[in-house]
Structure formats: C-alpha cells, structure tokens
Amino acid sequence: MGDHASSLLRNLLLLGLNLTILLLQPDKRSEGPQFSPARSQVSLAMDPHFGASSKHQIQMEIDALSREKSSMRPENHSSVSHFLLLGLPIPPGQQGVFFTLFLGMYLTTVLGNLLIILLIRLDSRLHTPMYFFLSHLAFSDISLSSVIVPKMLMNMQTRQQSISHVGCISQLYFFIHFAGLDNFLLAVMAYDRYVAICHPHYTTTIMREGLCALLVAGSWIVACVHALIHTLLLARLSFCADNAIIHFFCDLAALLKLSCSDTSLNVLVIFTETGIIFFLCFGVILGSYIRIGTIMLRVPSTKTLFKAFSTCGSHLSVVSLYYGTLAGVYFSSSSWDSKDIIASVMYTVITPMLNPFIYSLRNRDIKQALEMCVNRVKFFKQQLLNPPVAVRSTGR
C-alpha cells in the first residue's frame, strides 16, 4: 500500500513537472520536434509500469528542454551598442558643398552669439534685464547648435554614420535640455517686455536683479529636469536589430520608433509633461503680447508704437522662427520624411544662426555697442602701430 502510494505520488510530481514545462513553452501553431519529447514524457508518466530507466530518461530530456528554453531569445531583439544616423537627404556628389555650407553656418552661429555675449558684458548700457536674458539665450543657441552640428559635419566628412549608444543618449539629453531652455528663456523675455511696456515706471522695481537671476536659474533647473525625465525613460527601453535612425541627430521620436519595448509610458509623458511645459511657455508669450497689443490700441501714440516695435520686434521674430519650425516638425505629420528633416535643420541650425542678426539689425542699443567696440579696436590698433614718442626736455 505504501509502495503504491509513493509510486503514485512520484508519478504525480513528474506529471506536474512535465506539464509546467509544457506551459512555459511559447505558443506555436506548428510544433517542431523539440516539443514532442515533453508530450511523450507525459504519457510515460501516466504509465504505472515505467521504471528507473524511464525516470532517468525523463530527467535527461527535462534538462535538455530547460537548456533549450534558457537559450531561446526573440530573434528581432539584440543589445544595440551603436546607432546609424542616416543624415540629411543629400546626393553623394554634393556632400562637399553642403559640408562647407553647414560649417559656415555653424561658425557664424558661434561667432555671432559670442559677439552678442561679449557686447553685453563690455557695454554698461546693456546691463538691463532684457540683455541679461538675451546673453543666456545666445549661450543656449551656441550649445544647442554645438550638440548637433559638429557630429553631423564629422559624419559628412568621414562618411561614417555610426554613433555609440551612450553618445546617442547623451546627445538626446543635451538637445532636449537646450531646446527646452530656449523655450523658457523666450517666455521670460516676453514677460520682461510686458513689464517694460505696460508698467514702465515699475520696471526696475519688478524686474530687479534678484528676480532676473531667479528666473534664469529656474529655467536652467526645469530644463535639466525635463531632459533628465525623457532620457531616463528612454534608457530603460531595449532596441531592435534595426538601428538605423532616419535623421541627422538622435531625436526622441525617431528613437522611440526603433524601440522593441512598450513605449506607452514615454508617449504619455511626452503628451502630458512636455505638452504642459510647451503650452505654459507659449501661453505666457501669447498673453504678454496680447496685453501689449491692448495697451498699444488704448494709447495709439507714435512714441508708444515705436517703443513697442523697437523692444518687441526682435523677440517676436525669434519666437515666430522657433515655434513655427517646431510646429512644422512635430505637429504637421505623424511620420518622418525629408520635409520634417529640413524643418529640423531650421530650428537646430538656421534659427540659432539668425538670432544675432535679428537682434543686431533691429536693435539700436546693440548697434551702438558694436560701433563703440569697433572704435575701441581701431584705437588700440592705432596705438600699437603708431606708439606715442616721448619728447625729451633739454636743459640749458
């Protein structure tokens, strides 16, 4: 009785083990030969006359199935160590021309924005909240362009489109950071213009130095957290064997399309957190200019119109370029094509290059500071070429 009970218990245990292995196997319509041993062992386990040799055979085949299970991986998943940036849709024979063009635009961006920062630092008349914010915007434009353009130029020159996984994630982080910083600074500058036009007598009281520093520091911190959220959410994803990015830099939307993992959380954060930040900043800009327009219509004097145009014209032009190109990329279509890539060139390369020209050509203070700087350079150059001659006094 005890032998029969122990035999029955052993049979039930082996049957449960084999059924567990069967349940762990992937569901396939057509089962190959690798699934037949497990089924045969179920029938053997139900036979009360199987002996030790059958038990040993079962154990061997269970071990084989376990090893096979552990070695099975989905064939479309892999550990991606690098990505391929397919770049701009440029014909192979025109790579050199476009390399020279983008190199010239990048140098213009860096030198032009550095000149804006230098003029603001040297001229005491530009030590106002408007130009304080402008200097940070110029630095952000240099950084945004430097994150993307040098890598793109190197790929054009070397014809090697590879970028490491770490390099791609790092590029994405700094791109989101400085693009978000531009967004915040444009909103802060719009509020400063609203205070300057609608409350001219309280400008120094409202936009004091401490508040300006706090607004800039807050913009940097929020932009950093914003970029960090999206970077960490992307870093947890796995990527398919197809690692070709149809873009000239590591863009978040292009990377999400390559992922083999569930990206629903990433998409949810993009539509909620990014949407709130975008529309909040855009709302501040829109509300500021609606209020400025109301004041201008209420007191339609030439002096008011000239002041509003001179202080808001440059900023409004930059806002139109920035948000216009962003809307063209992220709201016009759901799939990436050559038009979206060209629009991306607008806000990553061309807009940072045009900002110094917009603020210098439409701004009288910048023009005067530039003329003073040029005159100083001419004076020092003349002093170096024609040093003053010391006149000796001859005693009688």
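Cβ atoms here come from the backbone N, Cα and C positions, even for glycine.
Automatic, uncurated: that is what TrEMBL annotation is.
The transmembrane segment annotation in TrEMBL covers 7-25, 97-119, 131-152, 172-191, 211-229, 265-287, 308-329, 341-361. Here TrEMBL flags 112-359 as domain 'G-protein coupled receptors family 1 profile'.
Within the chain carrying the transmembrane segment (131-152), a Cβ under 8 angstroms from the stretch's Cβ atoms is held by residues 85, 87-88, 102, 105-106, 109-110, 113-114, 116-117, 120-121, 163, 171, 174-175, 178-179, 181-182, 185-186, 188-189, 192, 212, 215-216, 219, 248-249, 348-349, 351-353, 355-356, 359, 365, all 6 or more beyond its ends. Ranked by Cβ pairs under 8 Å to the transmembrane segment (97-119), the stretches 172-191, 211-229, 265-287, 341-361 are led by 341-361. The stretch in 172-191, 265-287, 341-361 that contributes the largest number of Cβ pairs under 8 Å to the transmembrane segment (211-229) is 172-191. For the transmembrane segment (265-287), the list of distant contacts is 180, 183-184, 186-187, 190-191, 222, 226, 229-230, 233-234, 237, 252, 256, 319, 323: same-chain residues at least six beyond its ends, Cβ to Cβ under 8 Å. Note on the transmembrane segment (172-191): residues 130, 133-134, 136-137, 140-141, 143-144, 147-148, 215-216, 218-220, 222-224, 226-228, 230-231, 234, 249-252, 255, 277-278, 280-282, 284-285, 288-289, 315, 318-319, 322, 347-348 of its chain, located 6 or more positions outside it, place their CB under 8 angstroms from a CB of the stretch. When pLDDT values are averaged over the domain 'G-protein coupled receptors family 1 profile' (112-359), the model yields 87.
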